[in-house]
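Per Swiss-Prot, these features apply:
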ACT_SITE  HIS228  active site
ACT_SITE  LYS230  active site
ACT_SITE  ASP235  active site
ACT_SITE  HIS406  active site
ACT_SITE  LYS408  active site
ACT_SITE  ASP413  active site
DOMAIN    223-250  domain 'PLD phosphodiesterase 1'
DOMAIN    401-428  domain 'PLD phosphodiesterase 2'
TRANSMEM  8-28  transmembrane segment
TRANSMEM  39-59  transmembrane segment
Amino acid sequence: MALHQSNIIINILLVSAFLLNLVFAFIIIFMERRTANSIWAWLLVLVFLPLVGFILYLLLGRQIQREHIFKLAKEDKVGLEMIVDEQLEALKKQDFSKGNHQIVKFKEMVQMLLYNNAAFLTTDNDLTIYTDGHQKFDDLINDIRHAQSYIHIQYYIIHSDNLGKQLLHELEKKAEEGIEVKMLYDDMGSRDLRKKDLKKFRQKGGHAESFFPSKLPLINLRMNNRNHRKIVVIDGTIGYVGGFNVGDEYIGKSKKFGYWRDTHLRIKGDAVNALQLRFILDWNSQSTRDNLTYESRYFPDVDSGGTIGIQIASSGPDEDWEQIKYGYLKMISSAKESIYIQSPYFIPDQAFLDSIKIAALGGVDVNIMVPNKRDHPFVYWATLKNVASLLEAGVNVYHYDNGFLHSKTLVIDDEVASVGTANMDNRSFTLNFEVNAFIYDEGVARSLKQAFINDMKLSNKLTSEEYAKRNLLVKFKEGISQLLSPIL
């Protein structure tokens with residue numbers, strides 16, 4: 001009798017799992033915006049892992065309802081629509097460049113980012129490029145110490161290690177001085193940020209919010225959609241954006257990764273207003289009691305003395321368009337002479353890969369650099385498979401060997417560049433919340449290109465002959481990783 005009841009229970013569980021898989025399969029195919037590759041990948045997971053497939057889907061596969069995010073993010077747009085309309089009209093009249101040759105030459109790209117992302121163009125910026133974590137954090141801490149009104153700081157990862165505690169200590173001192181300090185961190189990325197450190201930060205007068213916190217113990221049903229942005233705005237006059245997170249490993253103190261090679265920007269000029277707007281929207285999406293409203297001090301007029309053109313573009317699962325991806329594609333298709341790409345994870349879709357092949361086959365000098373260290377095994381092998389597929393088209397591929405390469409940069413024709421948080425993979429393009437600076441300036445483009453060339457001396461060039469010698473186990477790892485790449 002007991003055995004019969006056990007069999008009934010098992011059968012009920014199996015039927016329930018099967019029905020759940022059918023429901024999720026229906027949702028994936030008919031109700032969510034997905035690529036064909038992503039649909040097939042999730043269907044394979046649900047079919048071949050019937051007992052755990054729906055759990056994996058709950059954790060990793062659910063898409064955010066865009067309407068929900070729009071409700072979270074509604075905030076006065078501080079005249080944004082008017083600015084965008086004015087700039088689009090100026091583009092039509094050819095009255096837009098203020099002497100910037102790159103803006104005239106790449107006006108279609110400027111228009112695309114304006115139209116799709118409301119990424120208004122600023123032309124009076126000055127910036128500093130960082131490729132080393134020590135330099136970046138030395139300057140950031142110095143800027144924090146000189147803050148007069150407020151500090152808005154947002155990172156995907158903040159660790160409770162030496163660097164993390166040092167940064168929190170500097171922020172706490174400013175909060176005690178009466179400076180407004182607001183810190184937004186990602187709940188998953190900053191899971192090692194200790195509660196006692198946050199408690200102390202708040203006791204000192206700081207305000208902290210986590211992005212998409214878990215409502216259940218030990219599990220976060222929105223773990224697949226993370227805020228990967230790294231933004232700092234100080235007094236509305238200085239802004240930071242780029243790839244560095246906060247932790248000892250990002251200044252080269254990790255035994256696993258060694259030296260951490262990244263790219264980050266310090267901006268002075270009106271582009272800081274765009275970073276400020278992005279921070280306010282993100283902050284208000286998570287804060288229920290301490291919303292930021294439009295104040296003139298948050299958007300001051302800044303006389304940086306600079307002449308660099310910048311658009312700040314953001315993307316995320318709340319958007320209808322993959323704006324940063326489109327920006328990358330527009331840059332690649334516009335290149336006439338050279339393309340330089342650095343990305344720790346290189347798992348774009350086939351159309352993206354084809355755009356790179358087309359550029360290379362058309363005579364453009366295409367160079368891609370990826371790390372030779374394995375941050376995430378499946379991602380590493382999928383990246384290797386993708387970059388190797390470009391070799392026969394004439395693309396130059398380099399494996400960075402001097403630690404871990406985390407830089408996300410794209411430079412074309414010594415004229416236009418992009419630096420930010422978005423990797424060249426499906427996760428950054430469609431799942432995570434990202435932010436990039438698109439920069440129209442020869443000097444900046446050449447500096448980033450030179451940084452790439454310097455890194456070549458610390459890298460190994462991958463050849464078709466070398467790649468062909470890989471063993472059966474490597475081929476198997478690549479195959480499995482490639483199959484899973486749409487959901488990595």
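Numbers here mean position along the shown chain, with the first residue as 1.
Backbone N, Cα and C define each Cβ position, glycine as well.
Around the Cβ of LYS408 (active site), a 10 Å sphere holds 26 further Cβ atoms from the protein chains shown.
Per-residue pLDDT, averaged across the domain 'PLD phosphodiesterase 1' (223-250), gives 96. It is ASP235, among the active-site residues ASP235, ASP413, whose Cβ has the fewest other Cβ atoms within 10 Å in the structure shown. Residue pair LYS408 (active site) / HIS228 (active site) shows a Cα separation of 12 Å. Distance from the CA of LYS230 (active site) to the CA of HIS406 (active site) is 13 Å. The helix, strand and coil residue counts that DSSP assigns across the domain 'PLD phosphodiesterase 2' (401-428) are 3 helix, 13 strand, 12 coil.
Neighbours of HIS406 (active site), defined as other CB atoms within 10 A of its CB across all chains, total 25. Cα separation, ASP413 (active site) to LYS230 (active site), rounded: 27 Å.
Other Cβ atoms within 10 Å of the Cβ of LYS230 (active site) number 23 in total over all chains. In the shown protein chains, 25 other C-beta atoms lie within 10 A of the C-beta of HIS228 (active site).
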